[in-house]
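Pulled from TrEMBL, these are the features on record:
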type: DOMAIN; residues: 26-91; note: domain 'P-type ATPase N-terminal'
type: TRANSMEM; residues: 66-83; note: transmembrane segment
type: TRANSMEM; residues: 89-108; note: transmembrane segment
type: TRANSMEM; residues: 283-312; note: transmembrane segment
type: TRANSMEM; residues: 332-361; note: transmembrane segment
type: BINDING; residues: ASP409, LYS410, THR411, GLU513, PHE554, LYS577, ARG611, THR691, GLY692, ASP693, ARG820, LYS826, ASN849, ASP850; note: ATP binding site
type: BINDING; residues: ASP409, THR411, ASP846, ASP850; note: Mg(2+) binding site
type: ACT_SITE; residues: ASP409; note: active site, 4-aspartylphosphate intermediate
type: DOMAIN; residues: 872-1118; note: domain 'P-type ATPase C-terminal'
type: TRANSMEM; residues: 907-929; note: transmembrane segment
type: TRANSMEM; residues: 935-956; note: transmembrane segment
type: TRANSMEM; residues: 986-1004; note: transmembrane segment
type: TRANSMEM; residues: 1024-1043; note: transmembrane segment
type: TRANSMEM; residues: 1050-1070; note: transmembrane segment
type: TRANSMEM; residues: 1090-1113; note: transmembrane segment
type: REGION; residues: 1136-1155; note: region 'Disordered'
type: REGION; residues: 1216-1240; note: region 'Disordered'
type: COMPBIAS; residues: 1222-1238; note: compositional bias 'Polar residues'
Amino acid sequence: MKKKRRSKRSDGENGFSFKIKENERIRANDTAFNSQFNYSDNYIQTSKYTLLSFVPVNLLEQFQRLANFYFLCLLVLQFIPFISSLTPVTTAVPLIGVLLLTAIKDAYDDFQRHRSDSQVNNRKSHVLLNGKSVEERWHKVQVGDIIRMENDQFIAADLLLLTTSEPNGLCYIETAELDGETNLKCRQCLMETAEMGQDEAKIGAFDGEIVCEPPNNHLNKFEGRLTWKGKQYSLDNEKILLRGCVLRNTQWCYGVVIFAGRDTKLMQNSGKTKFKRTSIDRLLNFIILGIVFFLLSMCLFCTIACGVWETVTGQYFRSYLPWDPLIPAEPPAAGSTVIALLIFFSYAIVLNTVVPISLYVSVEVIRLAQSFLINWDQQMYYEKSQTPAKARTTTLNEELGQIEYIFSDKTGTLTQNIMSFNKCSIGGTCYGDVFDATNGEVIEPNENTKTVDFSFNPLHEQTFKFYDQTLVDSNRDQDPTCHEFFRLLALCHTVMPDEKNGKLEYQAQSPDEGALVSAARNFGFVFKARTPDSVTIEVMGKTEVYELLCILDFNNVRKRMSVILRGPNGKIRLYCKGADSIVYDHLQSGNDDIKNKTQEHLNKFAGEGLRTLCLAIRDVDEAYFEDWKERHHEASVSMKSREERLDKLYEEIEQNLTLLGATAIEDKLQDGVPQTIANLAIAGIKIWVLTGDKQETAINIGYSCQLLTDDMVDIFIVDGQNVEDVELQLIKCRESLRGYARSQVQTALSGISDRGYSSSIGGEMEDMACGPELTGIDEDSNTGYALVINGHSLVYALQTKLEKLFLDVGTQCKAVICCRVTPLQKAMVVDLVKKYKQAVTLSIGDGANDVSMIKTAHIGVGISGQEGMQAVLASDYSIAQFRYLERLLLVHGRWSYLRMAKFLRYFFYKNFAFTLCHFWFAFFCGFSAQTVFDPMFISVYNLFYTSLPVLALGIFDQDVNDVNSLKYPKLYTPGHLNLLFNKEEFFRSAVHGCLTSCVLFFIPYGAYFDGASHQGHTTSDHQLIGSVVATILVVVVTVQIALDTAYWTVFNHITIWGSLVWYFALQYFYNFVIGGSYVGSLTKAMGEATFWFTLVLSIVIVMIPVVAWRFYFFDVHPTLADRVRFKQRLPRIRPRKSQDFARTPSARRSRQSLRSGYAFAHQEGFGKLITSGKIMPSSNNAANNNSGSVHSVSTGLASVADQHDGPVSGIFYHPMGENDRSMQPSTRQSHNGSSVQPRASAVAYARTGNNSSRPRLQDPYAITVDLESGGEPALPNTMST
């Protein structure tokens, strides 16, 4: 089977990239010629194992895990009799259990891959052999074969399209398996090959030679050349059908295979995704390493102690405790030394359970269950598109609760990506504003505003709304500039027209283009049809046909597109639209008045948050165009630097343009975005918006979504044109930030001094280090600074010289907006924060231009929006709306982190409590490595007796419910501060386990020392003590997890109390039915009162300090979670509601930029396809939306909604005057300026005493209740206004 090719492979960003010096050479229907190049066949294999290789390969993979390999070494040591005091079963049972569970999971996953491979490889296709169609399976298809495909069939390999059933060589494909997009795409073959039709004799005789690029992972790019009958033809992506696509609405087509098997672009993009590990995973590896060193330290101590004991005492008891024959009897010191050395390995075996073998399996089970809970959450289900939230990975859930930085795209992520034509500027005149009839001021349209009547146009759209009648009047008055403006919108695009049920519909590559063509249609310039060489429009009822000479398509570098047309009058004209920063550079000199007025209008549109672009035209001389067209053809068939040569030609002809005007399109915010951003900011998460829009547009969207607020001290604008300017601006920003920080500290210190502030409050938030609350500073989370930086300045800021300065400034700001950035710059910004900050990052986006950013961050979230599914396919989690990110982080992320932290703390606690009992027993057995427990108990302690309760804790536990998790966002803060599980918390758990083991061993030891039953039987034997200690251990750790469980479900009750029942049942079954060595010892012990006294005493001694400690901190130093949980448990307290209104764009806007944004999607249009084929019908109507959103200036303090998806404001408390020590709720301003008074006053728990005493600063988070009047407990405010 041929799988190799002569190539050098290297890792690429999206799978694999290939570096091959020679281009591919393929000759159709010539197997002998193609075989010399050793091309890959069409067989694919994504599975990892076979029946013969599964066991060795899977075991090899599993033993690459350090924990598994460690236990394998211990198992080998246990087979050495004079080393091990334990049967190998104690290690073999848990090790085999872990290996078996993992192997079953791996086998199931690989079985599914085998089934998928078999299904794909055995699909049938029709191959032309000797001029006849023969049915072949996919895996037998070779490069150079010509295959026939029929409607609704998957395409077997990457093909050059030769001929189709549709007119003019068209065919339609669905690319959902490649990029997630379900809308049909059009492909077209060369007209010269299309003439063969389905004549299999002619097709079988086709001997064209193809020279093309080597295999790569670029789905939207292909360069090649076909040589046939002495002529050369240019090949591009519009003539290629890729493997994985489905043929639609086309009866049949033929194509020649150019890439097969793993060389196809589908397989090239299926390379290994970079494995992401959570911070807890990295911490666990460090902790496990530390535990191993701790184990070795204990073994070393026991080794030394054993040597001392054998030398001092043991050598004199050899008659009763004979040494092994391998041990030298003389001199005794030598024998003692050998025994001590062997004891080292013996204790390594006995104490091995301090390294938890089942930890990793338990963690994976918990993460899997948490992923299902995310998938099943109905409150993150988007009814409109029937899209649920989906966890596409099971390894990152707790990381969702530790996010500190969010990097977000704007268009389609914060906004709806549904465009509506809002305003425009034509010939220096602005249209679209609505004026108040009384005072002549510009107002925002609302539901009562009268819309323009377009009934004069029979083809107008009912959903289109425009409010300025003057534009319609100018258009109907035959204003030449207006006509040319809308004629450009109707002609310069790559939209596809179609008629469905008698209605004209458009299919556009981007919502922007659809909105512009739709606007032209409603104003009387209707795009009706296109062919490969013509465009037909209807102007005020009259049909105009334009000859299409060339399309200069859009790309991310050009940021513009143009069409060259020959009008009905025979003249050639170029129509261009694009980003104003680009178009203005290509305008002819003169007409400064129109340029200046249009620029003013562009700034005005951008200030309103609208997406803008400029329109321009140029008349082209006939002779010049013919010369240019010839050079264009030569560049299009070139195999070297094709794109660069074409770009130079485009640049040449797009000069000396005449400005017509500009358009302004509105992209409305998604529902709930302002509340979501406000709540995430309160939670301590910093949000960076990375967008391709211009500065003014981004700033005003920032105000709309509450990323920027009027409460901010200032907004830094970095727009330097060179590295020196950027550095100077960043230094000034840093100095301002430092000055602000110093002033805040001085203000806080002076306030603390004046109020007699006690520093003890700093310890009150043990797991709620929320910043201001710890220092007594009541700081609004929306105050501070924001940073706005342009793309050209970002180029310098990301250089090695300035990157740390830029990061220092950015991370000290409350919000950062990067404008006009490329997809690569987005990824570089994310990587910069990851590189220098010990913080967890999250990227969220909806388009293909966000994929690199999503893959770079610790966690990638994709939004299934209007730009296809590329972002979702590359993400770790997918949601339908940005507002669901709040619930994903503040509920599921926080719960997952809380559960995992609790699970790990308890897991290490119970293992230390269990294992160290052997260590204490060593002091009473001469350090002989004798175990205190039954070997079978050691084997199943983690597997059967204590595994299910801790799993239930890790899956179902929650400190507060989802409503309160959203209502009080600051509950999230412990996560990104990593407070619930860290090295200190692990050390506490280990010490707790160590102390518990002391009690568990020494209390029973003291109780049974020289003990006897009422019948005179001794009760101080080894087996009875071991059974008693084991039983008390299981009871104590079960009671401990019952104390740790904050949220009880049926599963918790079954697993916790069922574990106790299961312990006793399994003990009796093993000892009495199977015949264990400890048979009868537990029964004997339980028949005596001493056992029950010892059990109760041990539980009391172990649990009373834990309960007292927790009660003390809950009563004296409660955390915010404690207070919320207390409120949650009081059913008579009803949640307080507050006014809810969204922040609207602020009047405080900067006017630093003179460039406006560009409204195109970041992908190429249908340009090449249109010029190379015939009529292309479309399938979808262009997105169209109502215009005229309300923009108002916020004059009051914003409060937040008391809803499940948004927080409820609480009450601010402040100390009153000398004569009133109670804490009174502060008054808040509503959006209409009226005073909003809280429902109930509240005073401190302590009754007011001496009025003359000095007022004491109260904890801003304290639950307060009026004890005099029997008032209800009041929860403190946890939100900033």
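Each residue's number is its place along the chain shown, starting with 1.
Including glycine, each Cβ sits where the backbone N, Cα and C put it.
Between the transmembrane segment (1050-1070) and the transmembrane segment (935-956), three or more CB pairs separated by 6 or more residues in sequence fall under 8 Å, so the two stretches touch. Nearest Cα neighbour of ASP850 (Mg(2+) binding site) among the listed binding-site residues (ASP409, THR411, ARG611, GLY692, ARG820): ASP409. Comparing ASP409 (ATP binding site) with ASP846 (Mg(2+) binding site), their Cα atoms are 8 Å apart once rounded.
With a cut-off of 8 Å on Cβ pairs spaced 6 or more residues apart, the transmembrane segment (935-956) and the transmembrane segment (1024-1043) reach 3 or more such pairs and are scored as touching. Within the domain 'P-type ATPase N-terminal' (26-91), the DSSP-based counts of helix, strand and coil residues read 30 helix, 2 strand, 34 coil. Across the residues annotated as binding ATP (ASP409, LYS410, THR411, GLU513, PHE554, LYS577, ARG611, THR691, GLY692, ASP693, ARG820, LYS826, ASN849, ASP850), the two Cα atoms farthest apart lie 26 Å from each other. Taken together, the residues of the domain 'P-type ATPase C-terminal' (872-1118) have an average pLDDT of 90. Looking at ARG611 (ATP binding site) and ASP846 (Mg(2+) binding site), their Cα atoms lie 18 Å from each other. Every protein chain shown contributes to the tally, and the Cβ of ASP846 (Mg(2+) binding site) ends up with 29 other Cβ atoms within 10 Å. The Cβ neighbour count for ASP409 (ATP binding site), using a 10 Å radius over every protein chain in view, is 29.
Cα spacing between THR411 (ATP binding site) and ASP846 (Mg(2+) binding site): 8 Å, rounded to the nearest whole number. Neighbours of GLY692 (ATP binding site), defined as other CB atoms within 10 A of its CB across all chains, total 28. If you draw a 10 Å sphere around the CB of ARG820 (ATP binding site), it holds 25 other CB atoms from the protein chains shown. With respect to their backbone Cα atoms, PHE554 (ATP binding site) and ASP846 (Mg(2+) binding site) stand 20 Å from each other. If one looks beyond the transmembrane segment (283-312) by at least 6 residues along the same chain, the residues whose Cβ comes under 8 Å of a Cβ in the stretch are 66-67, 70, 332-333, 335-337, 339-341, 343-345, 347-348, 351-352, 354-355, 359, 363, 904, 908, 919, 922, 926-929, 981-983, 986. Look at the binding-site residues THR411, ASN849 and count other Cβ atoms within 10 Å of each Cβ; ASN849 has the fewest. Between the CA atoms of GLY692 (ATP binding site) and ASP846 (Mg(2+) binding site) there is a gap of 13 Å. Comparing ARG820 (ATP binding site) with ASP846 (Mg(2+) binding site), their Cα atoms are 17 Å apart once rounded. Residue environment of ASP850 (Mg(2+) binding site) contains 32 other Cβ atoms, counted within 10 Å of its Cβ in all protein chains.
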